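I have placed the structure first, in the form of C-alpha cells, so that the comments after it can refer back to it.
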Amino acid sequence: KTMGSSRWKVAAAAFLAIVGSLLPVDADEHEHTYTDKEEVVLWMNTVGPYHNRQETYKYFSLPFCAGSKKTISHYHETLGEALQGVELEFSGLDIKFKDEVMQTTYCEIDLDKAKRDAFVYAIKNHYWYQMYIDDLPIWGIVGEADENGEDHYLWTYKKLEIGYNGNRIVDVNLTSEGKVRLVPNTRIAMSYSVKWKKSDVKFEDRFDKYLDPSFFQHRIHWFSIFNSFMMVIFLVGLVSMILMRTLRKDYARYSKEEEMDDMDRDLGDEYGWKQVHGDVFRPSSHPLIFSSLIGSGCQIFSVSFIVIVVAMVEDLYTERGSMLSTAIFVYAATSPVNGYFGGSLYAKQGGRRWIKQMFIGAFLIPAMVCGTAFFINFIAIYYHASRAIPFGTMVAVCCICFFVILPLNLVGTILGRNLSGQPNFPCRVNAVPRPIPEKKWFMEPAVIVCLGGILPFGSIFIEMYFIFTSFWAYKIYYVYGFMMLVLVILCIVTVCVTIVCTYFLLNAEDYRWQWTSFLSAASTAVYVYMYSFYYYFFKTKMYGLFQTSFYFGYMAVFSTALGIMCGAVGYVGTSAFVRKIYTNVKID
C-alpha cells in the first residue's frame, strides 16, 4: 500500500513538474529498505504549542543545538509538504541501521538569559516537537515546570527505540529523560541513545499504532451514519410520495383543462406550476456568475469523489503531504469538468462573453483559496512560523493556475459550448416576463434559502466533528469509507430538499427557481461555518491571533467550497426535475 501511495505522489510530482512547480524528490529514504550499518536519518520538523496544532515553528527556532554530523544533504519537500509547513532539518545525529548507540552527548547549549527565556516561554505554553525517522513521526515534549510554576526543566536525553522487521523500519519510540533545571549562564549537555529491537509488525501495518479505532469507530459515529441513512430513506420516500401524488393530481387537472373549451378555461381557476411554463426556462439573473459557480461546484464534487476513492484504495496518510498533493493534482486534472458544465450552461442561457466566464470559472476557487492563504501567510511571516508559504511555492501555485488549470478549463469550455450548449428547452420562453403574484411569507425565496440547508447539515454534522478533530487536533483520519457514504448521503438529501423547495416555489407561480435551488442547497455552508464557531470555543483550547485567523480563515474556505458543491448538486438535480415535469405536460 505504501508503494502505491508513493506512486501517486510521484505522479503528482511529475504532473506539476511540467510547469516547473516541483523540485525533484530525493530517493534516499523513500525506498524504505536498509542494509546493516546504513545511515538512518533523524529529521527535525517543527516545534509549537500543543493546543495550537497549526502554530508551528522550525525546530531550531528554539535554541536547541544540532549534532556534529553535516554530511547529509537537505531533503526536498513535495508541493503538499511545502504548503503544510513541513520543513525538515537534519538533526546531526549519527544513527546507523541495527547499530546500537549507548547514551552519548551530541552537543552542549550555552544557556544565557535569552536562551533560558526562550525555553521557559516554550515550557509555559506546552511546546512539543516533531521528528521523523524513515517517514515515521515521533513526538516529544520540550520540558516541564514544577508544581509551583517557578522552576522550569528541560528534557535533555532522547532515548530512541527503533523496531525493525527484516531490512525495514516498522516502529519508533521516543522516551524523554534527563530533566535539567534551567539556570542562566550554565552549559546543558544534550544526549541521545539508540536501541534496536526485532519486531513482528509488518511494514504495511506500521502506521496502525498512530490510528485511533476507538475514536473513529465509536458507536456515535455508526449511529450518525445510520441516522443519516434513515433520513435519506425517509426524505426520498417522502419526496417520491408527495411529488408523485401531487403531480399525478396536477397532470389530471391539466388534462381536464385541455378538454375544456376556451370559454370554460378562461373562467376556470388558473394556478400552479403550469402557469409559469413560459418563464421557468428564462435565463437566470447574472448568468455569468451563476454558470461559473455551477461549473466550480461540479469540479469540487469531482475532486472530492476522486480523492476519497484514492484515499480508500491507498493509505495516503502514511506519506507526508500526499493528501494535499493528490488533491492539487486531481483539481488541476479535472479543470475540463468546470469548463464543460459552466460553459455549456452559460451558452444555454444565451451568454456571449464566454471568455470572461471561462476566466471567472477557472480562477473562482483558486483565487478564494490563494487569497485566504496569502492573507494568513502575512500573519505567519510576522510570527516567523513554519506555516509561512515560501515565495517559490507561491510562484508554483500561480504557474499551476495559469499553465495547467486555465488551458484545461478552456478545453472543457469549448467542448461544453459545442456539445451541449444549445437551449433545447421543452417550453418556449415568453418575450415578456410574467408578473410574480403575492404569496405567503414562508414561500418567499429568502425564507426557502434559509431553511433549505438545515436538513443537509443535519445529515453531516456528526461527520464534521470527526473531520474537524482530525485536522485541528491530533487524530489521523483514515475511515474514508465513512466519508464516501456521507458524501453520497449529503448529495441525495440536498437534491431531495431542493426539489421540494423548487416545487413549492413554482406552485406559488414564482419562476425564480435557479438561484433559489442553488442558494437553498448552498446555505448548508452557513450552518457548517456556524458549527465551526461552536467547535472552536467549546471543543478546542486554541488561542492567539495566528491560530484564530488560521482556523476561521480556512474554515471559511472549507465552508464556501462545500456550499458551492452542494449548490451545484442541488441545481443539477432540480434542473433535471423541472425539465422532466414540463416535458410530460401538454402545453399549447
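Each residue, glycine too, has its Cβ placed from N, Cα and C.
Annotation source TrEMBL lists signal peptide at 1-27.
Taken from TrEMBL, the feature transmembrane segment applies to 222-244 (among others). Non-local neighbours of the transmembrane segment (222-244) in the same chain are 455, 458-460, 462-463, 482, 485-486, 489, 492-493, 496-497, 499-500, 503; each lies 6+ residues outside the stretch with a CB under 8 Å from one of its CB atoms.
Sequence-distant neighbours of the transmembrane segment (288-312) (same chain, 6+ residues past either end, Cβ-Cβ under 8 Å): 8, 323, 326-327, 330-331, 334-335, 337-343, 345-346, 349, 351, 353, 356-357, 360-361, 364-365, 480-481, 483-484, 487, 491, 514-515, 518, 561, 564-569, 571-572. As annotated by TrEMBL, transmembrane segment applies to 288-312 (among others).
For 324-347 (among others), the entry in TrEMBL reads transmembrane segment.
Outside the transmembrane segment (359-383) by six or more residues, the chain places 55, 57, 83, 288-289, 291-293, 295-296, 299-300, 331, 335, 338-339, 342-343, 389, 394, 397-398, 401, 405-406, 409, 413, 545-546, 549-550, 553-554, 556-557, 560-561, 564 with a CB less than 8 A from a CB of the stretch. Under the heading transmembrane segment, TrEMBL lists 359-383 (among others).
Residues or ranges marked as transmembrane segment in TrEMBL: 389-411 (among others).
With a threshold of 8 Å between CB atoms, the same-chain residues lying at least 6 positions outside the transmembrane segment (446-468) that come near it are 215-216, 220-221, 224-225, 227-228, 231-232, 235, 475, 477, 479, 482-483, 486, 489-490, 493-494, 497-498, 501, 504-505, 516, 519-528, 531-532, 535, 539, 566, 570. As annotated by TrEMBL, transmembrane segment applies to 446-468 (among others).
Residues or ranges marked as transmembrane segment by TrEMBL: 480-506 (among others).
Residues annotated as transmembrane segment in TrEMBL: 518-538 (among others).
Here TrEMBL flags 550-572 (among others) as transmembrane segment.
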